[in-house]
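Asker: I have a structure here, written as structure tokens, and I will follow up with some questions on it.
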Amino acid sequence: MITEKPTWIRHDGLQIFSIDIQPGGLRFATGGGDQKVRIWNMKSIGKDLETDNPQRLLATVRDHFGSVNCVRWAHHGRFLASGSDDQMILIHERKAGSATVEFGSGEPPDIENWKVVMTLRGHTADVVDLNWSPDDLMLASGSLDNTIHIWNMTNGICTAVLRGHSSLVKGVTWDPIGSFMATQSDDKSVIIWNTSDWSMAHRTEGHWSKTVGSTFFRRLHWSPCGHFITTTHGFQKPRHSAPVLERGEWTATFDFLGHNAPVIVVKFNHSMFRKFASNNHESAKAGHTGWTNGKGGTAKELQPYNVIAIGSQDRTITVWTTASARPLFVAKHFFSQSVVDLSWSPDGYTLFACSLDGTVATFHYEVKELGHRLTDDELDEIKRSRYGDARGGRQTNYADSGHQLMLETVSTKPKKATTPGNQVPPPVSQAPAPQKTPEPQNEGEKDGAGLGPGANEPKPVRVSSPVKQKEYRRPDGRKRIIPEAVGVPSNQEASNNNNNNNNLTISTNRSFLALDQRMAGEPIKELRAGPTARACISDGLIIEKAPGGDDGTVNVENKGSGPSTSSGPTVPTSLIIEIKEKEDCGPSEVRSLEAKPVDKPANDIVAIGSGKFNSSKETQISCKKGLQFLWSDRISCKVTALAGNKNFWAVSCEDGSLQVYTECGRRMLPAMMVGSGAIFIDCDETWRLLLVTIRGAIFMWDLFTKSCLLHDTLASLLSSQDPPKHSGTVKVISAKISMSGWPLIQLVNRDAFLYNPGMKCWMRIADNSFPASKYAMSLDFSSAKSGELARLQADVGRYDCRRNFWNRPAVDEVVQTRAHLEAQLASALALESPKEYVQCLLSYVRFLTREADDLRLREVCESLLGPTFGAVADPKNSQWDPSVLGMQKHVLLKETVFPAMASNRKVQRLLSEFMNALSEYELSENENQNVTNNVDEMDVAPPS
């Protein structure tokens, strides 16, 4: 061992409260009573300054207005955090360019330019300890205001304030696995916090009840294996001690004894060690997770152990290895006042210590003294053997039970349908776990290069995409890919164009509808494989931007082959619908209905009595089954739309009349007058008929019971256009009966609306309100089995790609993704689509699980679990339905929600709670069923 006490490390003769070595091993920082943070060159340690004269002091940061109590480097080495008596936390980063010097200080200019990039305000008293999370995304700070603040380091916002202590908080430490955080206070307690929701996991007291006096700090620390916490300021008569808490039980299993004054700081080595070098990684698996205490059996020499340094108010430093019951090293007479902070070098063989006397001491150990250091892979293997894959930082936690591991196995199995559209969505973006990477030796490189998270990680192999991707830059400078609608066959896209180019415009000056249509010279024909069919003369409308318009409005232009007139559209030669139905025995048959105008001279007028009848608008209606003629009829008006199924045929005319025929051609009802000609008409497989008129009225009838189910207008959809309008026109491209049995309207901007008879209003079930959602383009456009909601969302995606809606200001992607999934889940329920409801529910639960959103997860589970036992038999709670869309809620909870929640151990306590509740439900139901069966089997004796 080599010791050194460099006298050139000083803070103007005042106390040094904190010291920390940069993970890259090139610098170390100190904070002192002179209100400054000083950054030193590690190369100066152990050098003969007369022969080798490296630059010792690299920078001095003078932005605090009180004593600097703590300095801590982030794990990636880029940022340095400092806490002070001025109640502030400053985040420092090295910048390019030359440094400055304080006027009149008499100090030489700084060699490196370190600037404050973030200021964290929120504490109301001195900040005395800091600790970074394993992934460097969060920072914990302890203060004399009795609170712990949790800071989000991506935006500098305080995300939580922990108030469990009743006295000064003087120590914080983060679990290396990322599941917990521990704090120690002058109230003689240690609290373990859950990092998932910042609830109190456990409060440990009693081990410090006999302590006397006070110390500047109580800097506890977590072992690198994650299984033990060594605390400070303990007392076991007659000596002061450092109690050790074991993970899970959170009780003191033993103490480090020997100091004559309270322990102020403890610091585990970053790595673990082994007595002899071994290339067998299985030895790390076989050994205990780092705490042997001399009990190793035959494999003792290969078992890994921890190394810990302890600093005390008795001015002494002790270094222990957990493979021995006695300290490895005791350093006395190095300091004249208390030891307040310790720091290990990245290689694990050098220890730095600072004291209130304003000096720093270094201790360099050899391999034969500490042992052979385990590699990072071996340390990860030890963590995996106990906690699973622990490389994800805060995203991984300890498995509390075997049920958790079983559900994790189930959740990792691939499923055919996991998201709307049968396609696995991209995961929510998360910052990668930063790795401890050394700073590049070339100081002339661009600032920050090689210091960021994952700088030395191998780059992923790029896979060529079959679709040429287009890039654009968001306002914040980040690149984004413009999504492309892929996988749509050309014939399908052509069909979509033919079916979706219908337009309806509502004129608001008289609340009437004006119709612009394009008519082709050949018959408009539609063939469906299902039992219904419809056809409208408005098929083929083309929507184009008005030439020369600067207001961005969209008009409907006549693109017909012949000249258009303002008086009305050109009449097509005929309208034909065909229904293809499969017979019980034999091949399928096609039934068709054709409406063909009768060719007569325009001046062919027949006088009837005192009036005149214009027969030039007559239309011949004929029905065929294959080549067999079934029946015919003649209507004295132009036909605008047809619809039909196996029960009836519907014919709409431009004079506002609607004629309904039976399958055999008998007129079921007198002509129904709806005020104007129909522009959209549709029917389901039974007796429901939907009709939308040119003037915007919408009707739905049940022809079997001869009753009206709906009579409304589309005026309420005026404000849903792009751009929004409260006057003008509304343009509709589709109107049909949805799977729920109620009208579904789709506007030209692809917003879709479903009528809810219970709420008596229109509900928007598809729109482009979530462009930043991770699920916005995760639908399978080409899948023929996609549900109704998936097809609507696909139309929105294709439309947005053409309109380039993705160039929008930066938004919170997590918030939009969650809102989008909630909207999709509610829309699937409104459409009564069971498969899509399950897919949306699974995607929503997986997203909430990744985000560890306990509040919303609990709400979802409670809605599927139902009322409590006492409320089950209460008739007042009969409004809770145990099924949804024909599926049992308990089955959904057990087979869909629970496996999805098992993917993140941070929500395993919530998962266990509802698994136990569901088990109690099932047990209670089985008992009730057994009682019922026993009563049914009882023999009742007849009366004598």
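Cβ atoms here come from the backbone N, Cα and C positions, even for glycine.
Not measured: the values here are computed from a predicted model.
Sharing the record's features from TrEMBL:
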type: REPEAT; residues: 9-44; note: repeat 'WD'
type: DOMAIN; residues: 11-370; note: domain 'CAF1B/HIR1 beta-propeller'
type: REPEAT; residues: 61-102; note: repeat 'WD'
type: REPEAT; residues: 120-161; note: repeat 'WD'
type: REPEAT; residues: 162-203; note: repeat 'WD'
type: REGION; residues: 413-477; note: region 'Disordered'
type: REGION; residues: 547-571; note: region 'Disordered'
type: DOMAIN; residues: 665-864; note: domain 'Protein HIRA-like C-terminal'
type: REGION; residues: 925-944; note: region 'Disordered'
Asker: For a three-state summary based on DSSP, what are the helix, strand and coil counts in the repeat 'WD' (162-203)?
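Answerer: Taking the repeat 'WD' (162-203) as a whole: 0 helix, 23 strand, 19 coil.
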Asker: Kindly report the helix/strand/coil residue split of the repeat 'WD' (120-161) according to DSSP, in that order.
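Answerer: Counting residues per DSSP class in the repeat 'WD' (120-161), I get 0 helix, 24 strand, 18 coil.
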Asker: Check the repeat 'WD' (120-161) for me and report the mean pLDDT.
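Answerer: Mean model confidence (pLDDT) across the repeat 'WD' (120-161) is 93.
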Asker: Could you give me three numbers for the repeat 'WD' (61-102), the DSSP helix, strand and coil residue counts?
Answerer: 0 helix, 21 strand, 21 coil
Asker: So, by DSSP, how many helix, strand and coil residues make up the repeat 'WD' (9-44)?
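Answerer: Going by DSSP assignments, the repeat 'WD' (9-44) contains 3 helix, 17 strand, 16 coil.
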